[in-house]
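Structure first, commentary second.
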Amino acid sequence: MAKTFKFIFYFWGAFVLVFALDQWVKSLTLAGFRWQSEYLDLTYALNTGVAFSMLSFLEHNLKYLHLALIGVLFIYLFWQRTLLKTHSIAFGMMLGAGVSNLLDRFIHGGVVDMFFWHKWFNFAIFNVADVMINISVALILIQEIFKKRKKDDRMD
């Protein structure tokens, strides 16, 4: 029985770790912590849109769209258990990050961003949750590629 639900432990463990880390870094940022270097600055920006401030014209309505999308993904994953079992850590990271950004939208009116990468070019300001979402998508893609290769090898 315990082995059957191991993926739930991994999902919620990743969810809580990413959520807590993102909120902790955001709390340091909101408390005024700043740092500058040649490549990366820790600063403060409030993003009222999504990536690269897209959809910021939706203003406060964006948080309800964000809530609906996260809700649909939660329902879909718990309905499609095989997908959740296969990618439990990645989806835990993704949803922990998404819920952390959603909390920001309700509390601060936008998402708290702090990392500004600026060596040779000015990249968008981002946060820990954004990094975790990108890592989780990369994990899912890598797992799917290796799963397909393993399946193809068995057919040979």
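Backbone N, Cα and C atoms are what each Cβ position is placed from, and that goes for glycine too.
Now, the feature entries from Swiss-Prot:
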TRANSMEM  5-25  transmembrane segment
TRANSMEM  64-84  transmembrane segment
TRANSMEM  89-109  transmembrane segment
ACT_SITE  D113  active site
TRANSMEM  122-142  transmembrane segment
ACT_SITE  D130  active site
| Far apart in sequence but close in space: which same-chain residues, 6 or more away, have a Cβ under 8 Å from D130 (active site)? | A51, A97, D113
| said: Which residues of the chain, 6 or more past the ends of the transmembrane segment (5-25), have a CB below 8 A from one of its CBs? | reply: 84-85, 88-93, 95-97, 99-101, 103, 114, 127-129, 132
| task | Grab the same-chain neighbours of the transmembrane segment (122-142) for me: Cβ-Cβ under 8 Å, and only residues 6 or more beyond its ends, written as numbers and ranges. | result | 18, 21-22, 25-26, 43, 45, 47, 51-53, 87, 89-91, 93-94, 96-98, 100-101, 111-116
| said: Return the count of C-beta atoms lying within 10 angstroms of the C-beta of D113 (active site), excluding that atom itself. | reply: 23
